[in-house]
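Features of the protein shown, as given by TrEMBL:
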BINDING   120, 122, 125, 135  Zn(2+) 1 binding site
BINDING   120, 136, 163, 167  Zn(2+) 2 binding site
BINDING   125, 163, 169, 173  Zn(2+) 3 binding site
DOMAIN    1-31  domain 'Chromo'
DOMAIN    118-181  domain 'Pre-SET'
DOMAIN    184-287  domain 'SET'
């Protein structure tokens, strides 16, 4: 094996027999790459590797370095607790171009968001939610959406109204689940069935738990119509209509977004989306 020693230039590379190597993981990775090399599996022999295999290994090494840099950038950028891992054991695609990871919505041209006008005075939002008009959901004539564990307990499709900056409660309020961000460690991975990037969990997620918020650029319905035509021609779309507001806006996560940008559409009910907002004028914008 030709070994490149860490911290030394390529001129210091040496040929080493298998018995001298103590890097089992790297060797397994090398042979896995050779098994996926273009043209079929490649087995090392006394005549060395075919040029195509050498080229593939070099590209794969550069790709891994690029993905590790991107993974570090994502974890330095995120404001949520959940870590982000990146994996691609399928092809040579690296980090997506022209995509910026953001933690909050980016307000587009022509969008005017009215500040939340109402808040609750609860001392215990979960306990007072059963009172008439109690807490923020009651003020909007809706049920309190979460149980003690932060799991959704209302019917799928109903809007959720969380507490906001005008409320008396703090960040640990049981009615601030979405606001606390992603709690689970997730992995952006390259799918093997031609669907591009996907997302899988690295932890067990209990049923009815909040997973992630669909974050992106908030744009007008007119701009969404224009962009939608472009995305249709490209065969992909990241547009999500905010149906719970009177003046309909759309979230576009094509260029600005969080990990939800990489989630593949599924026909199953493993993940269900719902609108999350705050009570009062201008507070109906789902999160």
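Each residue, glycine too, has its Cβ placed from N, Cα and C.
No curator has checked TrEMBL annotations; they are predicted automatically.
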For residue 167 (Zn(2+) 2 binding site), the closest of the binding-site residues by C-alpha position, picking from 120, 122, 125, 135, is 120
Residue 136 (Zn(2+) 2 binding site) sits from residue 122 (Zn(2+) 1 binding site) (Cα to Cα, rounded, in Å) at a distance of 9
Among 125, 135, 136, i.e. the binding-site residues, the one with its Cα nearest that of residue 169 (Zn(2+) 3 binding site) is 125
Least Cβ-packed of the binding-site residues 122, 135 (other Cβ atoms within 10 Å) is 122
Cα-Cα, residue 173 (Zn(2+) 3 binding site) versus residue 125 (Zn(2+) 1 binding site), nearest Å, comes out at 7
One finds that other Cβ atoms within 10 Å of the Cβ of residue 163 (Zn(2+) 2 binding site) number exactly 25
Surrounding the recorded Zn(2+) 3 site, with Cβ no more than 8 Å from the Cβ centroid of 125, 163, 169, 173 and those residues left out, we find 120, 122, 135, 136, 162, 167, 168, 170, 174, 175, 176
Same-chain residues at least 6 positions away from residue 125 (Zn(2+) 1 binding site) with a Cβ under 8 Å from its Cβ, in sequence order, are 135, 136, 144, 163, 167, 169, 173, 174, 175
